[in-house]
Amino acid sequence: MNGVQDSTSAAASSQSAQRQVRVQLVSKQEDIALPESTGPILVPTGLRRYALSTLVNNLLGNDKPVPFEFLINGAFLRTSIDEYLTANGISAETTLEIEYIRALIPPLHIASFEHDDWVGSVDVLSATSLATSWASAVVSPGQERILSGSYDGLLRVWNMSSQIVATSPSPADGGHGASIKAAKFISPNSIVSAGLDRTVRLWKYNESDDGFSGKITPQIELYGHKSGINSLAVHAPSNRILSASSDHSIGFWSTKKSDAPAAPENLVPSAASRSSKRRKVSSSVSIPQRGPLALLSSHTAPVSAAIFDTNDSTVGYSTSWDHSLRTWDLVTAALVDTRSTSHSLLSLEHLPEHHLLATGTSARHITLIDPRTSATTISAMTLRGHTNAVVSLSRDPHSSYGLISGSHDGTCRIWDIRATKTDNDGVVGESVYSITRRSLEEQGKADAKRVGGEGVKVFSVCWDRSVGIVSAGEDKRIQINRGEGVLSSA
């Protein structure tokens, strides 16, 4: 009986290998695209990714083979062509268009910067970062800066040699009085931060001519929240900031002192309190205090994240522990739309090219939501792979399809929303690469199972085109990983 099965299987394999199909190989990346004169090619339907990759390399005349991935109708080919045709009911008489892209290059560990306490937030200033482009500034290669906000209440600016260029002042001199959970560059000379002391603080940042030392100087203290602040978003062209707070509200602020209203008196520390907390120096520290342009109140639980629409800064989005994603008109401070889900939403990122918002959840997955009122379903796709809460998200600067997530399971995962399958839960995506904490590897515990990511929880991740993937968390480190062109550009 086994012999009959084996011969039948062999015959089927032989038949599939002998079948042929016309394929049109295309690429959106000009540097690897075949000449337009390259027409459809007749290939065996038994070909898989490796054989197709060899074929493309031969057609391109590459001396050094480049690994490629292949997509049909926007989805990765994970089987033979024959199996794909059968599964999708497509005739082998059809000319099949197959798109090829560079395969994933695993992001390698570049460096780690050690802190004295947990690191709650990271951001990058580079030639390709938003803060640089907004200011029409220039950051030369090697002069990139990394900003960290720590649970010790201090901001630090680092160079790429893991040296601290500047540290923010103590509470006595205008610094934060509690843990920092969010910090961002507004421009090469301006920083904003917030945390558990309920304040949003604006800072001036300057460096010496040689770039070896710098100064973070307090500029404005913004009061309005009645509980800790979990995240920040900035839009420098409009001089606006969004803050997400555990007091269930979103703060909408101006970076310009002249535009901002007075700070609420009931939230500003009294003069007596301030003088007792701040030691006397040659001249007492006097920092302007301002209030919010608006407080957006509709959520019924802590707000985890608030961001600007990438293409329209008058639109904002927020996520909350109340399971909802909300859309706001920032001009009128009005609630526009509410999308309710089944889980607490802990992080948020915009994928504008696909009209999607990525939301990290307490249920260990990422839900992609179409915020447009015309959308008929709440969840467009679910990304699964993490084993604990997903608390930070950052889009891939190289590809509109890419995303990275940071989780309390101690990993960052790279996603390509084209890498999907369909099951009982609908369209489900799987991560294409997982980045573990270097601190575990150095302890010889890279394969150790950490319950809930104990000791290595990731709190923040930022993906920068120039610097790479920068993450930070409970292991008191910033970690930098880089893989050139991790996903295809598109």
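Using the three backbone atoms N, Cα and C, a Cβ is placed for every residue, glycine included.
According to Swiss-Prot:
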- 21-102: region 'Ubiquitin-like (UBL) domain' (REGION)
- 257-285: region 'Disordered' (REGION)
- 129-168: repeat 'WD 1' (REPEAT)
- 298-338: repeat 'WD 4' (REPEAT)
- 340-379: repeat 'WD 5' (REPEAT)
In the repeat 'WD 4' (298-338), how many residues does DSSP put in helix, strand and coil?
0 helix, 23 strand, 18 coil
So which residues does the repeat 'WD 1' (129-168) touch in its own chain, when a touch means Cβ under 8 Å and the partner is 6 or more beyond its ends?
111-113, 115-123, 175-189, 191, 193, 195, 197, 203, 205, 207, 211-216, 234, 236-237, 464, 466-467, 470, 472, 478, 480
With DSSP as the yardstick, break the repeat 'WD 5' (340-379) down into helix, strand and coil residue counts.
3 helix, 19 strand, 18 coil
